[in-house]
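S.K.: The following feature annotations were taken from Swiss-Prot:
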type	residues	note
DOMAIN	2-142	domain 'PTS EIIA type-2'
MOD_RES	H62	phosphohistidine
REGION	155-285	region 'M domain'
DOMAIN	286-376	domain 'HPr 1'
ACT_SITE	H300	active site, pros-phosphohistidine intermediate
MOD_RES	H300	phosphohistidine
REGION	378-409	region 'Linker'
DOMAIN	410-499	domain 'HPr 2'
ACT_SITE	H424	active site, pros-phosphohistidine intermediate
MOD_RES	H424	phosphohistidine
Amino acid sequence: MLELSESNIHLNANAIDKQQAIEMAVSALVQAGNVENGYLQGMLARELQTSTFLGNGIAIPHGTLDTRLMVKKTGVQVFQFPQGIEWGEGNIAYVVIGIAARSDEHLSLLRQLTHVLSDEDTAAKLAKITDVAEFCAILMGETIDPFEIPAANISLDVNTQSLLTLVAINAGQLQVQSAVENRFISEVINNAALPLGKGLWVTDSVVGNVKNALAFSRAKTIFSHNGKAVKGVITVSAVGDQINPTLVRLLDDDVQTTLLNGNSTEILTALLGSSSDVETQSVEGAVVGTFTIRNEHGLHARPSANLVNEVKKFTSKITMQNLTRESEVVSAKSLMKIVALGVTQGHRLRFVAEGEDAKQAIESLGKAIANGLGENVSAVPPSEPDTIEIMGDQIHTPAVTEDDNLPANAIEAVFVIKNEQGLHARPSAILVNEVKKYNASVAVQNLDRNSQLVSAKSLMKIVALGVVKGTRLRFVATGEEAQQAIDGIGAVIESGLGE
């Protein structure tokens, strides 16, 4: 978990352009002891590769993979530019978060920040806030608790002909949850409820509100109070904006009808907007693709941006979910939400497309992911096959075969082992040492046993292939030095691997 202090936050900053804003972020990171002086070039180089603008006025400049060694300790520096900074392609950044992180710290840190910043209203607040403590609290999510209504807060079929009884039931329930103080109770009991119409009434208080909460009670039979119908009472405790969408829904005719006639589940769904606000991935006829991420560093900003660009080529609505983390379903066109999924190497992603070009979209995404989304990927195929299916079909078919799942730039060769004793521990170790010389991912397969491709950098896995004299081994390499790796492997096998 990222620790952010007020000293890391710089409000009401000024910069003439994006480069100066990045320079300010790096200077603050250097002064805080997070990075070495040369880190600036890494941040500028990253911007040339892919813009770090996430959306909602937020940019997250950070270094390239080559500059991670210059990071002394993980940290961030946050700058607020109320006037906005042009960040390219017409995007305006109001909050710039300079990040220094190594290895997977980069993804976890981004995930934490984007979880807070994915809300447009929150991002808009951060662009204008003048109090450092409040800015820090919102950025760290300390004041952004999701608004929920427990099922216990819905009381139905109350046998009463008293409006005050319904109010008291609600107030008591809110008090049990520590959502209100005693003065709130006194206020709603002693002051008249307000009629919404259709037999619904509302009570609240300007004092004694502790946290956002709502309770609803409904009489078994309708009755009259001062000449007006009474069927149900809503009692509200409000301390933050998170409850506002629910308050707006109280004015909706359909929601009011549900309050008057629905069961507890239907009422909760209507009040929280669950039926319309939550993404779904179970539409009949939708095309579903399940793919494994093979990028060594997962889906950080650059491959995520490439994924978004691929998605935007198609007109279909496309959502995605990180199955490995059991994440929520998000739009595959939102860079911020994709980065927030915290996808690392080996994670399984589920895409659902709905529309005329849904099948083409999912097939294209599968190929783009298999090819690394602009980065080098492991030559070892995923442990589970990538699949594409159509919702409602009974057949669940692999999207690609193992060979099809190899990156397009993979280089492979087949060599015959000549060692009299095959590949026991010693020659296997020499083979592994040769493979590790190269900046490449190398997988190996025993063709004679039709084994799976396994990492050629694992001594245990090579020995487990059961290679004897005359065995044909297939090597597949990807990466900058793939060809050199294949050539080196061929040479060392030809020389007998030290025997």
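Including glycine, each Cβ sits where the backbone N, Cα and C put it.
How about a rundown of where these features are and what they're close to?
M.R.: Taking DSSP states H, G and I as helix and E and B as strand, the domain 'PTS EIIA type-2' (2-142) has 64 helix, 31 strand, 46 coil.
There are 26 other Cβ atoms within 10 Å of the Cβ belonging to H62 (phosphohistidine).
The predicted model assigns the region 'M domain' (155-285) a mean pLDDT of 86.
Counting every protein chain shown, 22 other Cβ atoms lie within 10 Å of the Cβ of H300 (active site, pros-phosphohistidine intermediate).
In the three-state DSSP scheme, H424 (active site, pros-phosphohistidine intermediate) falls into the coil class.
Other C-beta atoms found within 10 angstroms of the C-beta of H424 (active site, pros-phosphohistidine intermediate) number 13, with every protein chain shown included.
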S.K.: Mind tallying the domain 'HPr 2' (410-499) by DSSP state, helix then strand then coil?
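M.R.: For that range the per-state counts are 29 helix, 21 strand, 40 coil.
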S.K.: How far is it from H424 (active site, pros-phosphohistidine intermediate) to H300 (active site, pros-phosphohistidine intermediate), counting Cα to Cα, in Å?
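M.R.: It is 40 Å, counting Cα to Cα.
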S.K.: Where H300 (active site, pros-phosphohistidine intermediate) and H62 (phosphohistidine) are concerned, what is their Cα separation in Å, rounded?
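M.R.: Distance between the two Cα atoms comes out at 11 Å.
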